[in-house]
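Notes to accompany the following structure.
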C-alpha cells in the first residue's frame, strides 16, 4: 500500500542493489523513490498495521472448536465465542483486518 512507503529518508532500510529499477524493486515487494540522493531508493515498506477482530456475520465463521466447547475453552484457544445463532460454529477464528 502507498501509505507503507511514506517514510522519512533517514528511516529507509535498503531493499535492493545498486542500479535496481523501480519495476524490479516493486516486484520484490519494496518501495521505490529516487527523489532524495544519498539514501536508499529501493527500501523496505513500513510493516502493515493489522488487528484481529471477531467477525459479526455468522456465515463467515470458521470453526475453531468442537461441539459443546465452553466459552472459556474457546477463548483459551485464542478464538472468538458467540453462542448464537443456531446452526453455525459458536467457537470460531478471528479475522485479520488492515488498519
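Every residue gets a Cβ built from N, Cα and C, even glycine.
These come from TrEMBL:
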type	residues	note
DISULFID	15-30	disulfide bond
DISULFID	25-42	disulfide bond
DISULFID	54-80	disulfide bond
DISULFID	64-79	disulfide bond
DISULFID	74-91	disulfide bond
DOMAIN	1-46	domain 'P-type'
DOMAIN	52-95	domain 'P-type'
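It is 54, among the disulfide-bonded residues 25, 30, 42, 54, 79, whose Cβ has the fewest other Cβ atoms within 10 Å in the structure shown. Put simply, residue 15 (disulfide bond) is 41 Å from residue 74 (disulfide bond) when counted between their Cα atoms. Residue 42 (disulfide bond) has 30 as its nearest neighbour among the disulfide-bonded residues 30, 54, 79, 80, going by CA to CA distance. This prediction places the mean pLDDT of the domain 'P-type' (52-95) at 92. The disulfide-bonded residues listed here (54, 64, 79, 80, 91) include no residue with a Cα within 10 A of the Cα of residue 15 (disulfide bond).
Taking 25, 30, 91 as the disulfide-bonded residues under consideration, the smallest Cα distance to residue 79 (disulfide bond) is found for 91.
Fewest other C-beta atoms within 10 angstroms, among the disulfide-bonded residues 15, 91, are seen around 15.
When Cα-Cα distances from residue 64 (disulfide bond) are compared across the disulfide-bonded residues 30, 80, 91, the shortest belongs to 91. Using Cα positions, the member of the disulfide-bonded residues 54, 80, 91 nearest to residue 30 (disulfide bond) is identified as 54. The two recorded residues residue 80 (disulfide bond) and residue 25 (disulfide bond) have their Cα atoms spaced 39 Å from each other.
A distance of 36 Å separates the Cα atom of residue 25 (disulfide bond) from that of residue 54 (disulfide bond). Taking all protein chains in view, 18 other C-beta atoms sit within 10 angstroms of the C-beta of residue 64 (disulfide bond).
Geometry remark: residue 54 (disulfide bond) versus residue 91 (disulfide bond), CA distance 10 Å.
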